[in-house]
């Protein structure tokens, strides 16, 4: 090894990473030491870095400055376009559009767009169903590529299919909303009818109860009036009876008095007759 400390410090890491080679033949000396090259070290470090990045599930975001003066709410279109062109974003988008940017697994494609042509879905594996679907929708063979596990489509085809799917699902959503609103309206109407029926029932019950109370009060008042009239009639009858009795008693007394007077007169006359006879 070199006696220079500077060179020793440079190759210290390589010496620590050295791995012994295979042992020599019998009778030979110890195995020789093989050092890693710069390319091997770079490859190892790059592999470790990629493993760390893939394990972290990163998301890279490219920021675009809206203006060169760093002002808020100030957007310069030319500045943003220049940054996108320098970053290769526009070219990447153009290249992506020229190829087949939309990629779906066979089962994912069937599950997403089967509502457009449900008649094409039948027995068979997802790949056969994809073939039946693209044939039913009359998609040009140049607009898609069918692989073993995925189907690749042009952006225009996917946009058209998405519009058809949105229109179809929108119509179904409107139908579903109409049914739900109809159901809710019927429930509300039924609730109002039940409330009105209960209200009318309460009013009828109150009317019946009040009618019963009024009738009972009227009956009591009528009975009281009748009792008063009966009592008055009884009192008048008693008065008439008393008057009649009094009148009868007076007549009897008068008759008795007249009878007594007649008897007295008869006695007087008889006495006078006796006196005349004696003379």
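Cβ atoms are placed via backbone N, Cα and C, with glycine included.
As written in TrEMBL, here are the features:
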- 230-242: compositional bias 'Basic and acidic residues' (COMPBIAS)
- 243-257: compositional bias 'Low complexity' (COMPBIAS)
- 1-166: domain 'Myosin motor' (DOMAIN)
- 46-68: region 'Actin-binding' (REGION)
- 230-279: region 'Disordered' (REGION)
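The compositional bias 'Low complexity' (243-257): residue composition by secondary structure is 15 helix, 0 strand, 0 coil, according to DSSP.
Mean model confidence of the region 'Actin-binding' (46-68) amounts to 79 (pLDDT, 0 to 100 scale).
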